[in-house]
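Enquirer: According to TrEMBL, the protein has these features:
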type: DOMAIN; residues: A:77-363; note: domain 'ABC transmembrane type-1'
type: TRANSMEM; residues: A:12-30; note: transmembrane segment
type: TRANSMEM; residues: A:80-102; note: transmembrane segment
type: TRANSMEM; residues: A:114-134; note: transmembrane segment
type: TRANSMEM; residues: A:172-191; note: transmembrane segment
type: TRANSMEM; residues: A:203-221; note: transmembrane segment
type: TRANSMEM; residues: A:233-258; note: transmembrane segment
type: TRANSMEM; residues: A:293-315; note: transmembrane segment
type: TRANSMEM; residues: A:340-363; note: transmembrane segment
């Protein structure tokens, strides 16, 4: 018993320096940033030796989400959502596809694996510059068809001003409720097999009710802004998403390939003996077994897309509102416009969004550990 | 064993901690730290100035602290963190005008240089309009090292002859000849990414408003939603109709290339384009490429300038002042500017050292009406410039002049323009 507690003390002492350092330099500064975001530090005189800072509560956040001048931030936030969703779909999908191909041990598998993984070793600035050239409207990808004697493409990759899937920011509240209803119904449908009664009561029914109420009485909800403001998926972001998927699908491929290799060949042979096709094997055995890998790929990719900065900077420059991202906006607001408080508020919003991805993951892995 | 190691670590930490300040204290007397974003192509010009300083003060150790990145995007962020951390360089580069005043003078971080200007006789050699724009009622805040012109329109004379057009004197003429160019498959006006749209806007707005009203916008006498200011946006919208559609994915050099390669007829860009075309593209000023003041702004010189200021609490103030003296001197500016491809802020510079473009620009600078550039930090503070980029993006997407005017009013209010 005494041995154990001495060990514990030693362990604690060993950890103490890093606890203190992380406490100050990570959590302390997160706290400081939250505090700054609640003040009015910014504008003329912000860089004085002893700037006048006063507490203004959540005004900066209210401005960001409903202010007349912050439409750019809102579009950035919408962009960030699309960046995340499309990067996840693209990189996980493509990575898994390549991994399945390579898992069937084609000739030169080692070589191909290196080739697909290689883009990840490039810095975003380098790949961004290359992709900017490739996507230049007068050259690169657009003139590829001319080599086959066809007309060149005319899509204005990074310069497009078009957007699709438009929605009005005024109806923000209604949209959030729709999304909540959608998630509830999906969770319910997934759990339907295991426990139909519970799934109906706890998930599907509330989801349907919320959705129906918003659909019927949505006009009565308070509006987020006084005027109409449309946001959507800007087509100019597709080029950037393409570059990110190119860079990261090799990485997800490596993750899945490691997972596939870890599955015993006996399992595969057993499945085959039972009459499963290749497709059935992946669909019903291999991919479900790799759920932990899928989850960690999702976590890693989603926080990469939330911190995207250098790629966009290299591809479309700092001031392109079409392809903007909150991280870029935060840098410019803080260090160019000297609006430190608002920059801090943007940082905290991003931090919260990242937490939304990571905290459920931490909780579920903690639960798993306890369960074992 | 562990204990001994701990003591050794502590002891060495104390030793180094003690040693560093002592060393620094020795050096203080003869050190000068200059902070700028001039590296790469512009490095040699800065080196020329440091050489002059080195000849005068051979014992002083000059620390050339550069942070690279166009227009100082990165350097400015580094400078801000250094100043907030209480570690100012002895002298730093900054765009002259409100970019300096709005950020550093209003924060009471700069020393007034009026005594230096008077002592060195600079009041007489720098144009009066310039001194007014780089100072406030309370003083003059930086020494301009170079002058660039923003409102210049570039073209290739041979190409224009081929297409049968002449450089337009005003935007109405441009709008007349533009369809003719378009019919021949030529882009009338080459444009690049968003900051070049800001750059084009200021030339168009200056033409639409005239110098008087342009100045009044920035003193708050003419509101941004007044009919005149909205008309400037309308004209800008018409001009935009004759630009290339892939603008936002091009760099300014690529837009200039379009003119050089004969894909576009004109390009409005600052006169660093002259340096690009003569040095990188090996074209001869006057015959290989030609220039006029951008349409409707003849006789007006929209300037921007790099300058150096003296922060309060500069660690080596005396040396910093010597450095500023060199920057403002005739020798200093004539050593720097021919290499940088800009002209001197002094009206008495030795023109034989400059190329043909710079000679013509110098001549204009000495007798034109001087106005400040918005896109390059003379007329408005950094907060306004940042928000203006957003307004521009909004306009490029919606082309709504009234909304742009209104947005300008609110960003001017937010950033206290003209107050």
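Our numbering is plain: 1 for the first residue shown, then up by one each step along the chain.
Cβ atoms are placed via backbone N, Cα and C, with glycine included.
Automatic, uncurated: that is what TrEMBL annotation is.
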Enquirer: Hey, which of A:114-134, A:172-191, A:203-221, A:233-258, A:293-315 has the most Cβ-Cβ pairs under 8 Å against the transmembrane segment (A:340-363)?
Expert: A:293-315
Enquirer: Given the transmembrane segment (A:80-102), which of the listed stretches A:172-191, A:203-221, A:233-258 has the most Cβ pairs that are under 8 Å apart from it?
Expert: A:233-258
Enquirer: Checking distant contacts: for the transmembrane segment (A:172-191), what same-chain residues at least six beyond its ends satisfy Cβ-Cβ under 8 A?
Expert: 65, 198-200, 202-208, 210-211, 214, 218, 221-224
Enquirer: Assess whether the transmembrane segment (A:233-258) lies in contact with the transmembrane segment (A:12-30), where contact requires at least three Cβ pairs under 8 Å among residues 6 or more apart in sequence.
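Expert: Per Cβ check, the transmembrane segment (A:233-258) does not touch the transmembrane segment (A:12-30).
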Enquirer: With Cβ-Cβ distances below 8 Å as the criterion, list the same-chain residues six or more beyond the ends of the transmembrane segment (A:12-30) that contact it, or say none.
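Expert: Cβ under 8 Å, 6 or more out: 351.
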